[in-house]
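What Swiss-Prot says about this protein:
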{"type": "BINDING", "residues": "HIS45, HIS47, HIS62, HIS119", "note": "Cu cation binding site"}
{"type": "BINDING", "residues": "HIS62, HIS70, HIS79, ASP82", "note": "Zn(2+) binding site"}
{"type": "DISULFID", "residues": "CYS56-CYS145", "note": "disulfide bond"}
{"type": "CARBOHYD", "residues": "ASN9", "note": "N-linked glycosylation site"}
{"type": "CARBOHYD", "residues": "ASN33", "note": "N-linked glycosylation site"}
{"type": "CARBOHYD", "residues": "ASN85", "note": "N-linked glycosylation site"}
Amino acid sequence: MVKAVTVLNSSEGVTGTVYFTQEGDGPTTVTGNLSGLKPGLHGFHVHALGDTTNGCMSTGPHFNPVGKEHGAPGDENRHAGDLGNITVGEDGTAAINIVDKQIPLTGPHSIIGRAVVVHSDPDDLGRGGHELSKSTGNAGGRVACGIIGLQG
């Protein structure tokens with residue numbers, strides 16, 4: 001089993017830890033908890049770069065190794081990094097539990113060294129009709145991020 005972790009922090013007070021596990025060539029399981037977010041839905045994505053030299057802005061676009069349009073996690077046509085939305089409760093916390101086949105921890109399309117980004121607004125899953133729907137899901141600004149690293 002391969003394990004990875006990212007610790008998310010932001011100047012806006014968002015904190016949390018997200019864990020990734022993958023058994024063999026199976027899907028990757030994503031679990032964790034975040035706090036300090038406004039209640040509601042927030043876009044949750046793997047971005048292409050593990051670069052935070054300019055905060056979350058330098059993490060690049062959504063991880064998209066095969067050049068597809070933005071979509072929902074269950075769509076065939078989606079960026080690999082499109083993990084949909086997380087739901088934040090009235091207390092500002094979110095529990096994450098995602099199983100996804102397009103974010104492996106090994107191989108040529110591994111997400112190790114890339115970034116997880118939490119956005120300020122809901123991801124419209126490519127269906128919002130906004131000019132940004134097919135590229136970012138119109139999910140708004142980047143409120144927290146962290147680099148995905150291997151875990152022992």
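Note: Cβ is positioned from N, Cα and C throughout, glycine not excepted.
Listed in sequence order, the recorded positions from ASN9, ASN33, HIS62 having a Cα within 10 Å of the Cα of HIS79 (Zn(2+) binding site) are HIS62.
Checked against ASN9 (N-linked glycosylation site), the recorded positions HIS45, CYS56, ASP82, ASN85, HIS119 differ in C-alpha distance, with CYS56 being the nearest. Nearest Cα neighbour of ASN85 (N-linked glycosylation site) among the listed binding-site residues (HIS45, HIS62, HIS70): HIS45. The candidate set comprises the disulfide-bonded residues CYS56, CYS145. Of these, CYS145 has the most other Cβ atoms within 10 Å. Each of GLY43, PHE44, VAL46, THR59, PRO61, PHE63, GLY81, ASP82, VAL117, THR136, ALA139, ARG142 belongs to the same chain as HIS45, HIS47, HIS62, HIS119, is absent from that list, and has a C-beta within 8 angstroms of the C-beta centroid marking the Cu cation site. Within 8 Å of the centroid defined by the CB atoms of HIS62, HIS70, HIS79, ASP82, the record's Zn(2+) site, lie the Cβ atoms of HIS45, PHE63, ASN64, LYS68, GLU69, GLY71, ARG78, ALA80, GLY81, GLY126, SER135, THR136, GLY137, excluding the listed residues themselves.
You'll find the Cα of HIS70 (Zn(2+) binding site) roughly 25 Å from the Cα of ASN33 (N-linked glycosylation site). Around HIS47 (Cu cation binding site), taking its Cβ as the centre, 25 other Cβ atoms fall within 10 Å, counting all chains. Under the DSSP three-state reduction, HIS70 (Zn(2+) binding site) is assigned to coil, being neither helix nor strand.
Listed in sequence order, the recorded positions from ASN33, CYS56, ASP82, CYS145 having a Cα within 10 Å of the Cα of HIS62 (Cu cation binding site) are ASP82.
Across the glycosylation sites listed here (ASN9, ASN33, ASN85), the residue whose Cβ sits among the most other Cβ atoms within 10 Å is ASN85.
Listed in sequence order, the recorded positions from ASN33, CYS56, ASP82 having a Cα within 10 Å of the Cα of HIS45 (Cu cation binding site) are ASP82. Separation of the C-alpha atoms of CYS145 (disulfide bond) and HIS47 (Cu cation binding site): 9 Å, rounded to the nearest whole number.
In sequence order, HIS45, HIS62, HIS70, GLY71, ALA72, PRO73, ASP75, ASP123, LEU125, GLY126, GLY137 are the residues near ASP82 (Zn(2+) binding site), counting only same-chain partners six or more apart with C-beta under 8 A.
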